[in-house]
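K.L.:
This is the structure I have questions about; it appears just below.
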Amino acid sequence: MRPSGTAGAALLALLAALCPASRALEEKKVCQGTSNKLTQLGTFEDHFLSLQRMFNNCEVVLGNLEITYVQRNYDLSFLKTIQEVAGYVLIALNTVERIPLENLQIIRGNMYYENSYALAVLSNYDANKTGLKELPMRNLQEILHGAVRFSNNPALCNVESIQWRDIVSSEFLSNMSMDFQNHLGSCQKCDPSCPNGSCWGAGEENCQKLTKIICAQQCSGRCRGKSPSDCCHNQCAAGCTGPRESDCLVCRKFRDEATCKDTCPPLMLYNPTTYQMDVNPEGKYSFGATCVKKCPRNYVVTDHGSCVRACGADSYEMEEDGVRKCKKCEGPCRKVCNGIGIGEFKDTLSINATNIKHFKNCTSISGDLHILPVAFRGDSFTHTPPLDPQELDILKTVKEITGFLLIQAWPENRTDLHAFENLEIIRGRTKQHGQFSLAVVSLNITSLGLRSLKEISDGDVIISGNKNLCYANTINWKKLFGTSSQKTKIISNRGENSCKATGQVCHALCSPEGCWGPEPRDCVSCQNVSRGRECVDKCNVLEGEPREFVENSECIQCHPECLPQVMNITCTGRGPDNCIQCAHYIDGPHCVKTCPAGVMGENNTLVWKYADAGHVCHLCHPNCTYGCTGPGLEGCARNGPKIPSIATGMVGALLLLLVVALGIGLFMRRRHIVRKRTLRRLLQERELVEPLTPSGEAPNQALLRILKETEFKKIKVLGSGAFGTVYKGLWIPEGEKVKIPVAIKELREATSPKANKEILDEAYVMASVDNPHVCRLLGICLTSTVQLITQLMPFGCLLDYVREHKDNIGSQYLLNWCVQIAKGMNYLEDRRLVHRDLAARNVLVKTPQHVKITDFGLAKLLGAEEKEYHAEGGKVPIKWMALESILHRIYTHQSDVWSYGVTVWELMTFGSKPYDGIPASEISSILEKGERLPQPPICTIDVYMIMVKCWMIDADSRPKFRELIIEFSKMARDPQRYLVIQGDERMHLPSPTDSNFYRALMDEEDMDDVVDADEYLIPQQGFFSSPSTSRTPLLSSLSATSNNSTVACIDRNGLQSCPIKEDSFLQRYSSDPTGALTEDSIDDTFLPVPEYINQSVPKRPAGSVQNPVYHNQPLNPAPSRDPHYQDPHSTAVGNPEYLNTVQPTCVNSTFDSPAHWAQKGSHQISLDNPDYQQDFFPKEAKPNGIFKGSTAENAEYLRVAPQSSEFIGA
């Protein structure tokens, strides 16, 4: 039988209606997104591969879409699949001609770029003004939040024709920033069919699709045409295919299967029959912008119906019916802390002034608690102050001790153990002397006061030698014990007769089971009834406030909705349904404060009730939409409040949780698949030896140059010490006619294996870094005595340099140095390297305009999963260290920020000593009290506030090095505004440049072929005519990547040249080496491509401070600091800060090598080093009490000593 035409049409309509739903239910591939902004990840190739891995086949970006540093001819076709971005879209610093975001429909703008923009397209061009030409985002129809910015895109076509008011919300139009500078005549015009000439590119397919400004007045949001019947549902975003909420292209708020909704279905509904809230079988949890029936794994459920990663501070996590839920805590939430002798208290004898703060809010102690006499006396050996008796109140939250409680000292003015009044159970899993779980010995208390103690699970009790203690013999201890074998030992306390004579007996309301003190609240149990913890004579059943009922000899308060009765009972039990009479209204069997109004009921209907004259709640008429004041339609309220929508902030937070969850899930799944395939392949090849455990950490591809001893020449001894000797010398690469001034560090013949290991570790760190502002290792010679070869630095360390030239240093130099040091430290942070010893003495001066960070003797490389380094001992620079490093030996990149702040202070005070006159042993205490280094006289408050931020106690509150670069770079552009130096504009520093300088420095005559090490390792094109014949040459990629631009330019002499690195000898004497070249610097004829990450190239007016450019100035004939080079034990700095020495804190070095600092500044861990103290206290003592070794009064570097021991046995 053939179906009729009507039935066939109905079937087709049904199928058409189901198609959008099926499409909406499809699972789209999501990706995490990035938050790098303008940071480049390695080389251009590495950066592009990272971009491709992140967004390949991605349809929904949960974070931000950042397309940066993409070079010409790279294929970006993988971006075509992206349809939705939750954060912002950033397209910047690209030279590729086309970025195909053809299917991008919506940008939600949950996160902004520069606090304003959801779409930013910036500086997409190269030196030839060519670059991004096509941006075909033809399906982009809505930006929910945020404005749009276009700037410096000289080759971009057609975008200026877009009607942004159709895409961007009207509230953000005022923040739009449109700077279109397209002067190219090669752009194709929009297709004539495009509305109002608006298009994203040539061709009819690139015409802008209008879904807002063309809508009829009846439409409240988007539309698909000009007719009133073409309006989209108000829950739709970016357009629609029909009028229903299931026809949306994208949901504006939440997606519940195929339907867009304002909120997810609630978990609970009001039941008008039972007058209770019942579980909604259709209820769902909100997870990001999606409604889900079940929260993803590792998420917990809140009472509000949301999937969250962790419970709030006032709730705890528990499992109920197979679901992990957050439940409100009754009182303080449970917090488990380690006891004495465990974890962070492993070597601690007693609770004291320094560790009691760690027990704040603890409810359970995992281990034991000791309170010994040393706690209240203090310990001068460990610099522990006496414990303030008021701080014992911190222990009032403790309810459980899994080990034992030992108290041998207590404040004289306290009559009981008040700090343990809430202690409920002592489990006795560990015991003092293997016997006692509770020991109270030799105290001045009159009562125990352990009024909450209900159980001592194991172990005996000893209460002895308390001359004023009463009440202890009244306790029925057997009732508290968990086993029959437990015993008590209560001796040598105050006699029972003496206690009775002074009235120190249990209260009359206490039962014969005894008491913990004289008050009614101290009773073990009550004679009559109890109210809370206190025994009372009777309950407030017939009179008194609040009214109560009796349950198990306990007074229980009636519900607040029960009306108190006169000489009659008010309630018969707990809850609002056991009241004799209601105080306000009656809703079924329950007493309520107000009748239900707008409560969600069955079938998603709202329940409204009104109260009659008898205060009984009745249902409103079904047609009353906004409540009522009486029965029938005439009682309906005309206007009512609208249901509040979910806050935008909650949506953003849930989306962020979704990003994190999906990102982790995708990462774990991908890693599992790769590992499984690898194991399968190896098993098939029958070559599997052991399971593979790839770490995922990037390989260290640094190059280590091995030199022959014949390739370098030692000229002069710089100094010697316990580890070896440092020489000035020349490196003459084999087969090349160049001479490179170097420093050579040679170990002694009898050097220990430990010293060899330390110098090789230092070489590993130096070889792993390559930055203009970080010292580099030139090579290593593996002779019988290991030799390190590093670059020779002409001007020594920055500390001595600022001291010697303090009358000639202007604000420009000081701020430039701050920028360069921050750049070097930011590079080390990117390489996961913690320096641990940043100071002005460890910064070397290559030229007055160029400084480098050195001394990696204490530096540590963090692993892929490490965020901090825990030191085990050794020498440390106390006055430069962060507080957490001093107290806990924790070193992070943020502890380096603290040291950076001290280094800046040294520069701004022209080499003053930090905390001068204060012993190093007192530094931690004055820092904890809030004292910091004073404001230098030349610094404005702007500069000083940056230093103060570096010295915040909370490490996360300190600025990042990348932020410090931005701040000091801004100041370096206007130096006299931030530093006030008299005669600043006339100050300049000598800067010799020719080979005469090296000739004088090296005492050599034949220095015509001298070449700086940086120029040799990364030479300019055509610099050397003959190739190197060394057997260990640098890879060609080093020189190939030294310049990112291939565009030719003409220098001032008319010779062909290329853009130069900021530490190049061609730019050595620029007035501001920290900044980029400007267009004015080469007569506006050429703008070089930035060589470094985030190098800005804006054109700005010249500052008022001008630094001279030096050319061939004569060398100073007799440098004043030359004797320091000859004498490593010079006493140039008076009143030395370091122990057992008169050596200076910094000797003028001439090369960027940690080896030289180890010799001159003594930063290696050796016995003859004044700057680093191995142990502040000696480990042994002679029988006469005199310590072996030297003592310290003002050590800059010290090590935490073990605590003293004091213990009195029971």
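We count from 1, first residue shown onward.
Placement of Cβ uses the backbone N, Cα and C atoms for every residue, glycine included.
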K.L.:
Quick one: Swiss-Prot says Cys562 makes a disulfide with which of Cys579, Cys582?
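P.N.:
Partner cysteine, according to Swiss-Prot: Cys579.
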K.L.:
According to Swiss-Prot, which candidate among Cys617, Cys620 shares a disulfide with Cys628?
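P.N.:
Among Cys617, Cys620, the record in Swiss-Prot lists Cys620 as the disulfide partner of Cys628.
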K.L.:
For the feature N-linked glycosylation site in Swiss-Prot, which residue out of Asn528, Asn1094, Asn1148 does the record point to?
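P.N.:
According to Swiss-Prot, the N-linked glycosylation site annotation belongs to Asn528.
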K.L.:
Labelled N-linked glycosylation site in Swiss-Prot - which residue from Asn361, Asn1043 would that be?
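P.N.:
Going through Asn361, Asn1043 one by one, Swiss-Prot annotates Asn361 as N-linked glycosylation site.
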K.L.:
Say a student had to find the N-linked glycosylation site annotation in Swiss-Prot: which of Asn568, Asn623 would be the correct pick?
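P.N.:
Cross-referencing Asn568, Asn623 with Swiss-Prot, N-linked glycosylation site lands on Asn568.
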K.L.:
Which of Lys716, Lys737, Lys754 has the fewest nearby Cβ atoms, counting only those within 10 Å, among these recorded sites?
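P.N.:
Candidates: the recorded sites Lys716, Lys737, Lys754. Fewest Cβ atoms within 10 Å: Lys754.
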K.L.:
Using Lys970 (ubiquitin cross-link) as the reference point, find which of the recorded positions Asn196, Lys754, Asp837 has the shortest Cα-to-Cα distance to it.
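P.N.:
Nearest by Cα distance to Lys970 (ubiquitin cross-link): Asp837.
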K.L.:
Pick the one among the recorded sites Lys757, Lys929, Lys960, Lys970 whose Cβ has the fewest other Cβ atoms within 10 Å in this structure.
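P.N.:
If we count Cβ atoms within 10 Å for the recorded sites Lys757, Lys929, Lys960, Lys970, the smallest count is at Lys929.
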K.L.:
Within 10 Å of the Cβ of Asn128 (N-linked glycosylation site), how many other Cβ atoms are there?
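P.N.:
There are 14 such Cβ atoms around Asn128 (N-linked glycosylation site).
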K.L.:
To the nearest whole angstrom, what is the C-alpha distance linking Asn128 (N-linked glycosylation site) and Asn413 (N-linked glycosylation site)?
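P.N.:
Between the Cα atoms of Asn128 (N-linked glycosylation site) and Asn413 (N-linked glycosylation site), the distance comes to 84 Å.
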K.L.:
Quick check for the class: what is the C-alpha distance, in angstrom and rounded, between Lys716 (ubiquitin cross-link) and Asn413 (N-linked glycosylation site)?
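P.N.:
Roughly 72 Å, rounded to the nearest whole number.
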K.L.:
May I ask you to report the DSSP-based helix, strand or coil state of Lys716 (ubiquitin cross-link)?
P.N.:
strand
K.L.:
Mean pLDDT over the region 'Important for dimerization, phosphorylation and activation' (688-704): what is the value?
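P.N.:
It averages 66.
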K.L.:
In whole Å, how far is Asn603 (N-linked glycosylation site) from Lys737 (ubiquitin cross-link) when you measure between their Cα atoms?
P.N.:
91
K.L.:
Please identify which of Asn413, Asn444, Asn603 has the densest Cβ environment, defined as other Cβ atoms within 10 Å, among these glycosylation sites.
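P.N.:
Buried the deepest by this measure is Asn444.
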